[in-house]
Amino acid sequence: MKVTVVGAGNVGATCADVLAYREIANEVVLVDIKEGVAEGKALDIWQKAPINLYDTRTIGSTNDYEKTAGSDVIVITSGLPRKPGMTRDDLISTNAGIVKSVTENVVKHSPDAIIIIVSNPLDVMTYQAHLTSKFPRTKVIGMAGILDTARYRAFLAEELNVSPKDIQAVLMGGHGDTMVPLPRYTTVGGIPVTELIDEDKLDAIIERTKFGGGELVKLMGTSAWYAPGSAAAQMVEAIVRDQKRVFPVCIKLDGEYGINDCYLGVPVILGKNGVEKVIELDLNADEKALLETSRKHVLEVMSVLDKNA
Ligand SMILES: NC(=O)c1ccc[n+]([C@@H]2O[C@H](COP(=O)([O-])OP(=O)(O)OC[C@H]3O[C@@H](n4cnc5c(N)ncnc54)[C@H](O)[C@@H]3O)[C@@H](O)[C@H]2O)c1
Ligand SMILES: O=C(O)C[C@H](O)C(=O)O
């Protein structure tokens, strides 16, 4: 299997590294616009292979998309990250242009690939890539839900002093402050989380999760990469190994949850065909209201992209 990662910055290089050392693909091509950066990082990852014992071939390219030809999966991480004081939506004008031109280049050389978007604002960049590629909606999807859910699970594991491995959860909606955590679908080793934690503590964890990206931007002056890069690699793994994993993934909704033409995170089954099924949960009135707020927010940002098109 061949995987291309566009953007050899913090998230892209981390994703390529995870794909290599976990041998998720046979070949990983890392592309960046900055001269030599992708080649250098790909070479560094390759030189780690004899130490960490893997044989995934990593290749770097400065804007030469010939090298990406025939990729099975493409991960797009190119674009600006936010700085303290910015929202993800502030990145739209710069990143929409980058995602559009990168998508044009990758689809030319890999017409059958599945595209995973990471660049922000995530839901709207997924829209951009879908518009540009004209691929089916099930093959142009965004990574955010795995990351947001991981943050929620990590905070819960810390609070309950249990292994993060035993926490299962679902988060829905846009990748932003309006994301929709679902305590009703959160379990700890099969036990509903609400039986193990006070309501006010759970509410505080949900609030922290919603602003989890911003917390890291404030600490580091730029956004996170270890968890995001690993989350994108986990989506690639589900596809190339046809694992049928159940993950929250951003996709254009086509009637599911009574929503049309909006890109939102929802639980799906992910396998060799991309999104193989959107899972429709029976949301209660409060959960539906939160999802509606999230939908309205994403639609507003989508309309900025439409105006600038
Ligand atoms: N979806 C998520 O959950 C999530 C999580 C973390 C980061 N992000 C987003 O991912 C993006 C990348 O973040 P980062 O921390 O890796 O940033 P970064 O600045 O470290 O890396 C971005 C890279 O993209 C490259 N690039 C820019 N234009 C390009 C083009 N036209 N072609 C190829 N490469 C190009 C840059 O040269 C740079 O190396 C940001 O938009 C960030 O907001 C999303
Ligand atoms: O917060 C950001 O700007 C990056 C990313 O979306 C994240 O959640 O870490």
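Every residue, even glycine, has its Cβ placed from backbone N, Cα and C.
These numbers come from a predicted model, not from an experiment.
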Candidates ASP32, ASP89, ASP112, the one TrEMBL lists with GLY7, ALA8, GLY9, ASN10, VAL11, GLY12, ASN95, VAL118, SER119, ASN120 as binding NAD(+): ASP32
For the domain 'Lactate/malate dehydrogenase C-terminal' (147-300), the mean pLDDT of the predicted model: 97
From ARG82, ARG88, ARG151, HIS175, the recorded positions whose CA lies within 10 Å of that of ASN120 (NAD(+) binding site): ARG82, ARG88, HIS175
Between ARG82 (substrate binding site) and VAL11 (NAD(+) binding site): CA-CA distance (Å): 13
Least surrounded among the recorded positions, given as ARG82, ARG88, HIS175, when other CB atoms within 10 Å are counted: ARG82
Secondary structure tally of the domain 'Lactate/malate dehydrogenase N-terminal' (1-142) (DSSP, helix then strand then coil): 69 helix, 28 strand, 45 coil
Site of maximum Cβ density within 10 Å, from binding-site residues GLY7, GLY9: GLY7
Cα-Cα distance linking GLY9 (NAD(+) binding site) and ARG88 (substrate binding site), given in Å to the nearest integer: 17
